[in-house]
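Asks: Structure incoming, see below.
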Amino acid sequence: MRKLYCVLLLSAFEFTYMINFGRGQNYWEHPYQKSDVYHPINEHREHSKEYEYPLHQEHTYQQEDSGEDENTLQHAYPIDHEGAEPAPQEQNLFSSIEIVERSNYMGNPWTEYMAKYDIKEVHGSGIRVDLGEDAEVAGTQYRLPSGKCPVFGKGIIIENSNTTFLKPVATGNQDLKDGGFAFPPTNPLISPMTLDHMRDFYKNNEYVKNLDELTLCSRHAGNMNPDNDKNSNYKYPAVYDYNDKKCHILYIAAQENNGPRYCNKDESKRNSMFCFRPAKDKSFQNYTYLSKNVVDNWEKVCPRKNLENAKFGLWVDGNCEDIPHVNEFSANDLFECNKLVFELSASDQPKQYEQHLTDYEKIKEGFKNKNASMIKSAFLPTGAFKADRYKSRGKGYNWGNYNRKTQKCEIFNVKPTCLINNSSYIATTALSHPNEVEHNFPCSLYKDEIKKEIERESKRIKLNDNDDEGNKKIIAPRIFISDDIDSLKCPCDPEIVSNSTCNFFVCKCVEKRAEVTSNNEVVVKEEYKDEYADIPEHKPTYDKMKIIIASSAAVAVLATILMVYLYKRKGNAEKYDKMDEPQDYGKSNSRNDEMLDPEASFWGEEKRASHTTPVLMEKPYY
């Protein structure tokens, strides 16, 4: 038995070692490469300038009346580079002693930079209407905003009314339409509160005092307990006004209510429920809408400024290409384009309503009978009725490219994976500020990534190869655009990219191994799928480390459990008859205890609150 334990332990450690390091794999070997997957740059896989791309018409980016120079070279591929100019002079790209090979790994140098534009990941909730979470207050479930990023320039328009939504909600004998959305007056005053007042108020709170103004405003609103329910995890949203540096807590978390069945736009009917909708309006450009979940490092992980001289694109094997299928709208300026993107962005607004307007009937009845608690309970729900609690999770038309020359706003719902340097464009998102612009395009990104990849591969080659001839081998990454012509290691003359503020060069004589499909999806070409079948998708190194740690821990736990099981089995085996006659064994006395109680949940022995439908499964509508 001891020998068996030793064998199991050795097997577990060997398995862990294989997961972490592989059999005979060198430490410096690229994690996504096989040892013999490199091909010389002049092999048949890398075609010359005359190579005919068979999918020109199918995937060519179309744009009507672009207004741009017909000789402009777009970064899109496989579009023809008809207007591309040759380099000013022929370059001696390779030393006579250099052997240059091209890597087969199709990595994306923009992965880290573009992480903040993965809105589904970084925000995780609706933008136009954010009702991404549910919370209980005094025994009743309500919806509330839950986005992790600030929404710059967002406010609420009350239809046919001069009342601003930042006015305190109506209370007492006030008519319903006399109030707005903000917290009613309190003593001491908690809303609105100036930035200086908040800093002083939380000066002794180590967790809050050093936060930036937006996160501080979000946490301040989260400190208020609704309906004196200290056990509730409901948190109010807030709006921060950059103009006067004030934090407004919103008593009403609803963001949209339209239609004659649900509201009345008649200003004269003061006691009827008002209609309202979210918007990015000129009067709101200093406002920022905040949920309880705004992360304290939002400046690093969330988009704020629009990107000048840039358009969102898709990384397709070595270059950033245009997104072929977009929705195009006219827009006079960036503000209008950003507003359009916001209107089409992810929304958690209910798709259907109950036949009986329970919540709004409460409001009317509350005012009629002067029942303050009824009015409060009616205002607390966040604009959604019980019949429909749709959650977008941040999926929507959240991105746009604004063409300043044609005054067109191109809106799309696919996550961009790179930026195209184009002086005619500004890239924007539904979260971004409607006016603020970032002017610095990261021109050196390609050159820096190429240098880093070549150095990493050189270390691997130095450890694995014994080259006695003195030839220096270079493994060039699959990056075919750079502001440094020599870094491309191109087998033909690179071409100058027109309309680029970075003076980029592009190498277009190496065949692409990926393409964009009709639904804006990047896929490996059919002829290369077998070659890339076993190569995992690119993940950051910290993800790989997590996998290694998790796998090691799992193996250790399994080995421990197995040893304990075998030890107990050994003890039980001593009680068994040596002839192994099953009729003498009997049954375990604890068998009934080991059986699962069908009335118990895996959370514990108590029944769930709703035993028949513990979780509501909804069909997503994308």
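Cβ coordinates come from backbone N, Cα and C, glycine included.
Annotations for this protein, taken from Swiss-Prot, read as follows:
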- C149-C302: disulfide bond (DISULFID)
- C217-C247: disulfide bond (DISULFID)
- C263-C275: disulfide bond (DISULFID)
- C320-C418: disulfide bond (DISULFID)
- C337-C409: disulfide bond (DISULFID)
- C443-C502: disulfide bond (DISULFID)
- C490-C507: disulfide bond (DISULFID)
- C492-C509: disulfide bond (DISULFID)
- N162: N-linked glycosylation site (CARBOHYD)
- N286: N-linked glycosylation site (CARBOHYD)
- N371: N-linked glycosylation site (CARBOHYD)
- N421: N-linked glycosylation site (CARBOHYD)
- N422: N-linked glycosylation site (CARBOHYD)
- N499: N-linked glycosylation site (CARBOHYD)
- 577-607: region 'Disordered' (REGION)
- 1-24: signal peptide (SIGNAL)
- 568-622: topological domain 'Cytoplasmic' (TOPO_DOM)
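Can you walk me through where each of these features ends up in the structure?
Replies: According to its DSSP assignment, C149 (disulfide bond) is coil. Sequence-distant contacts (6 or more apart, same chain, Cβ under 8 Å) of C149 (disulfide bond) comprise I119, V122, H123, V294, V295, W298, V301, C302, P303, L431.
For the recorded site, C217 (disulfide bond), the DSSP three-state label reads helix. Listed in sequence order, M198, A238, Y240, C247, L290 are the same-chain residues six or more apart from C217 (disulfide bond) with CB atoms under 8 A from its CB.
In this structure, C263 (disulfide bond) belongs to neither helix nor strand by DSSP; it is coil.
Look at C418 (disulfide bond): DSSP puts it in a strand.
Secondary structure at C337 (disulfide bond), taken from DSSP and collapsed to helix, strand or coil, is helix. Of all the Cβ atoms in the protein chains shown, 27 others lie within 10 Å of the Cβ of C337 (disulfide bond).
Neighbour density for C502 (disulfide bond): within 10 A of its CB lie 18 other CB atoms from the protein chains shown. Secondary structure at C502 (disulfide bond), as computed by DSSP, is coil.
Under DSSP, C490 (disulfide bond) is assigned to coil, being neither helix nor strand in the three-state scheme.
There are 17 other CB atoms within 10 A of the CB of C492 (disulfide bond), with all protein chains counted.
Counting only residues at least six positions away in the same chain, no Cβ atom sits under 8 Å from the Cβ of N162 (N-linked glycosylation site).
Around the Cβ of N286 (N-linked glycosylation site), 15 further Cβ atoms fall within 10 Å across all displayed protein chains. Secondary structure at N286 (N-linked glycosylation site), taken from DSSP and collapsed to helix, strand or coil, is coil.
N499 (N-linked glycosylation site): 21 other CB atoms within 10 A of its CB, across all protein chains.
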Asks: Sequence order is fine: just name those recorded positions in N421, N422, C507 with a Cα within 10 angstroms of N499 (N-linked glycosylation site).
Replies: N421, N422
Asks: Minimum Cβ neighbour count within 10 Å among the disulfide-bonded residues C418, C509: which residue?
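Replies: Across C418, C509, these disulfide-bonded residues, the one with fewest Cβ atoms within 10 Å is C509.
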Asks: Once the chains shown are all counted, how many other Cβ atoms turn up within 10 Å of the Cβ of C302 (disulfide bond)?
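Replies: C302 (disulfide bond) is surrounded by 24 other Cβ atoms within 10 Å.
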Asks: So of C263, C320, C490, C507, which of the disulfide-bonded residues has the fewest other Cβ atoms within 10 Å around its own Cβ?
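Replies: Result for the disulfide-bonded residues C263, C320, C490, C507: minimum number of other Cβ atoms within 10 Å at C263.
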Asks: Can you tell which of the recorded positions C263, C275, N421 lies nearest to C490 (disulfide bond) in space, using Cα positions?
Replies: N421
Asks: In whole Å, note down how far the CA of N422 (N-linked glycosylation site) lies from the CA of N286 (N-linked glycosylation site).
Replies: 29
Asks: Fewest neighbouring Cβ atoms within 10 Å: which of the disulfide-bonded residues C247, C275, C443?
Replies: C443
Asks: State the count of C-beta atoms found within 10 angstroms of the C-beta of N421 (N-linked glycosylation site), not counting that atom itself.
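Replies: Total other Cβ atoms inside 10 Å, all chains included: 24.
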Asks: Relative to the Cα of C418 (disulfide bond), which of the disulfide-bonded residues C275, C337, C507 has the closest Cα?
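Replies: Its closest listed neighbour, by Cα, is C507.
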